[in-house]
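As recorded in TrEMBL, the features of this protein are as follows:
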- B:31-55: transmembrane segment (TRANSMEM)
- B:75-94: transmembrane segment (TRANSMEM)
- B:106-124: transmembrane segment (TRANSMEM)
- B:156-181: transmembrane segment (TRANSMEM)
- B:212-232: transmembrane segment (TRANSMEM)
- B:252-272: transmembrane segment (TRANSMEM)
- B:293-314: transmembrane segment (TRANSMEM)
- B:334-352: transmembrane segment (TRANSMEM)
- B:359-384: transmembrane segment (TRANSMEM)
- B:404-425: transmembrane segment (TRANSMEM)
Amino acid sequence: MLYGYMAYFSEPKAFLAAARRLREEGFRFEAYAPNPVEGLKEALGDGKEPVPWVAFLLGILGLGLALFLQVYASLDYPLNAGGKPVLGWPAFIPVAFELTILTITLGVFLYLLYVTGLPLAWHPVKHAPNYVEVLLDRYGLFVPVTEARLEEAASLLRALGAEVEEVRRA
Amino acid sequence: MDKDLIKGEFTEKGLIEELLKPVEKPPPRPWWVVLAVGGALTLAWLYAILVTFLRGLGTWGINQPVAWGYDIVHFVWWIGIGHAGTLISAILVLMRQNWRDSLNRLTEAMTLFAVLCAATYPLIHMGRAQNFYWVFPYPNTLAMWPQYKSPLSWDVLAILTYLTISTLFLYLGLIPDLALLRERSAGWRKRLYGWLSLGWTGNARHWALYRAVYVLLAGLATPVVISVHSVVSMDFAYGVVPGWHLTVFPPFFAAGAIYSGFAMALTLIIPLRRWYRLESVITERHLDWMAKVTLASGLGVAYIYLLEIFIAWYSGEPAEWAQQLWRMTGPYAPFYWAMMLINVVLLQTLWFPRLRQNLTWLFVFSLLANVGMWLERFVIVVISLSHDFLPGSFHLYQPTWVDWTLFLGTIGFFLFGLAVFIRLFPPIAVAEMVHLYHRLRGH
C-alpha cells in the first residue's frame with residue numbers, strides 16, 4: 001500500500017526553499033528534520049507558539065492553588081509559631097513559588113504531548129526506507145497519499161533537486 | 001572564537017557517529033571498574049539502610065545537641081552538587097552560551113543522581129521512614145496540616161519541584177536522541193528507546209513547539225536552582241543556633257552549590273573525556289570556562305567565610321563569637337582550617353591560566369573542592385550544633401560505621417547510576433551538538 005512520497009534534501013537551504021514552494025502551490029505535506037531549522041516556521045507559514053501564554057495561565061493556576069493550600073491549612077489548623085500572624089503571607093512565598101513552577105513545568109510538558117500527539121505508536125513516514133536519515137543528517141518532505149495531486153507534488157520535488165522515494169508498507 | 005568548540009573536521013554524520021560511540025560501541029575498561037565499585041558500594045549502602053531501619057537511629061552518631069549529623073551534612077552536600085547540572089543547562093541556554101551543548105547531558109544526569117542521593121537522607125533520618133507521606137498536605141483523621149511557615153515544609157516542595165524539573169528537562173532533551181537510537185538499534189534496546197522516545201518523528205512542527213517548551217523550562221529551572229539551595233539554607237537560618245542565624249545564608253548556599261556542582265562536574269568530565277576520547281567535543285576551552293565559573297562562585301563562598309567572622313564579632317552576641325572561636329581553636333579546628341585552605345587559599349590558583357589549564361591540577365583541585373565543600377557543610381551543621389548556648393550541653397559528634405557506609409554508599413550509587421546512564425544514553429546531547437554544528441557553519 002502506498003503511503004506517500006518522501007523527498008530528501010541534504011542542505012537546509014534547498015529544503016527550506018522546497019517547503020516554501022510546496023506551501024505556495026497548496027500541497028499537503030509534512031516536514032522532517034534532525035534538528036530545529038532556522039526559518040522553517042516562516043516557510044511553513046506557522047504563527048507564533050502560544051506556549052508562553054499557556055505557561056502564564058498555568059502559572060496563575062499554580063499560584064492560586066498554592067496560596068489556597070497554605071491559607072486553608074493555616075486556618076484549618078492554626079498554629080501560633082513565635083507569635084507570627086496566622087496568615088503571615090511572606091512565609092507563604094517559597095511554597096507559592098515552587099508550586100507555581102511545578103504546575104507550569106508539568107502542565108507545559110503535557111501541553112507539548114497533547115499538541116504534538118505524542119506518544120505516537122506508529123506513523124506512515126516511518127515506513128520510508130531511508131527514514132533514519134531525517135533523524136541523522138538529511139531533511140525530508142513527506143507528501144501523504146491523501147494529497148489529491150500526489151504525482152504532481154512528487155515531480156515538483158524531483159524538479160527541485162530532491163531525491164524522492166515511495167513510502168510503502170513492506 | 002566559538003569555532004573551536006568542535007575540534008577537528010567532521011561531517012555531520014561523522015560527528016553523530018562519534019557522539020553515539022559510548023552507547024553503540026563496547027565500553028572502555030574503566031567503565032567496568034566504575035560499575036563494579038559503584039555496584040559494590042550501592043549494596044553496602046542498602047545494607048546500612050537496612051541496619052538503620054531494623055535497629056533504629058541509635059546506630060548513627062547523632063545525639064544531643066548534635067541531632068543533625070552526617071545525614072544532613074551529606075544531604076546538603078549532594079543537593080549542592082546537583083546544582084551545576086541545571087545551572088549549566090538552563091542559565092547557559094538562556095544566555096546563548098554555545099559551550100553548554102557539550103556538557104549539558106552529563107551534568108543533567110549528574111544532577112538527577114545527586115538529587116536522588118540527597119533525597120534519601122531526610123527520608124531515612126525520619127526514623128520512621130514509612131510515614132514519610134506525613135510531610136505532604138493530605139486530609140487525615142487528626143485534622144492536621146503541615147506548618148507552612150516552617151522552612152522544613154518549604155524544603156519538601158523545593159526538593160520535589162527541583163527533582164521533577166531536572167528529570168523532565170533531562171528527559172525532554174533526550175527525546176530526539178532516543179528517536180535516532182531507536183532507528184539505529186535492535187532487540188531490547190530498540191524497544192527501550194522506542195518506548196522512551198514517545199514515537200518522536202522529527203516533524204518540523206513538533207521541533208518548533210519542542211524548542212519553545214525547552215527554552216521555557218530552562219527559564220523556569222533557573223530560578224528554581226537558586227531557590228532550592230536558598231530554601232535549604234533557611235532550614236538553618238531560621239534557627240537561633242549560633243553559626244546558623246545569618247541573613248546571608250541563602251546567597252552563601254547558592255554560591256556554594258554552584259561552586260561544588262562545577263567542581264563535581266570537572267571531577268567527572270576530565271576522566272570521562274579521556275576514557276571515551278571526547279577531546280574533540282569537550283575541548284580545553286570548555287574546561288577552562290568551567291574552571292572560571294568555579295573560581296567566580298568560589299570567590300563568593302570565600303568572601304562569605306570572611307564575612308561570617310566579621311559578623312560574629314560585630315554582632316556583639318557572645319554565643320556567636322564563642323562559636324566562631326570554637327571553630328577556629330576548638331577540637332574541630334583542623335576541619336575549619338582545612339576548609340579555609342582549600343576554598344579560600346588554593347582556590348586562588350585558578351586565577352593563573354597556566355595552573356587552570358593544567359588538567360592534572362584542575363582535576364586535583366576539583367577533588368579538593370569537593371572535600372572543601374564537604375568540610376563547609378560539616379562546619380555549619382556539626383560544629384555549630386556541638387557548641388550552642390549552654391556550656392553544660394556542649395558535646396562532640398562522632399560518626400559510626402553506619403554513618404560512613406551511608407555516605408560512601410551514596411557515592412557508589414551515584415557512580416553506578418551514572419555508569420548505567422552513559423551506557424544507555426548518549427553522554428553528549430547529539431541533537432544539540434548537531435544544532436551547534438550548523439550554527440557554527442552559519443546555517
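Just so you know, glycine gets a Cβ as well, placed from its N, Cα and C.
Of the Cβ pairs linking the transmembrane segment (B:359-384) with the transmembrane segment (B:252-272) and spaced 6 or more residues apart, 3 or more are under 8 Å, so the two regions touch. Residues 259, 291-292, 294-295, 298-299, 301-302, 305-306, 327-328, 361, 365, 368-369, 371-373, 375-376, 378-379, 383 of the same chain sit 6 or more residues outside the transmembrane segment (B:334-352) yet have a Cβ under 8 Å from a Cβ within it. Long-range Cβ contacts of the transmembrane segment (B:252-272) within its own chain (Cβ-Cβ under 8 Å, at least 6 residues beyond either end) map to 30, 76-77, 79-85, 87-88, 103, 106-107, 110-111, 114, 225-226, 229-230, 232-233, 246, 278, 282, 287, 290-291, 293-294, 297-298, 300-301, 304, 343, 359, 362-363, 365-367, 369-370, 373, 376, 418, 422, 427. Same-chain residues lying 6+ beyond the ends of the transmembrane segment (B:156-181) with a Cβ under 8 Å from its Cβ atoms: 16, 20, 23, 79, 82, 85-86, 89-90, 104-105, 108-109, 111-112, 115-116, 118-119, 135-136, 146, 189, 193, 196-202, 210, 213-214, 217-218, 220-221, 224-225, 227-228, 231-232, 425-426, 429-432.
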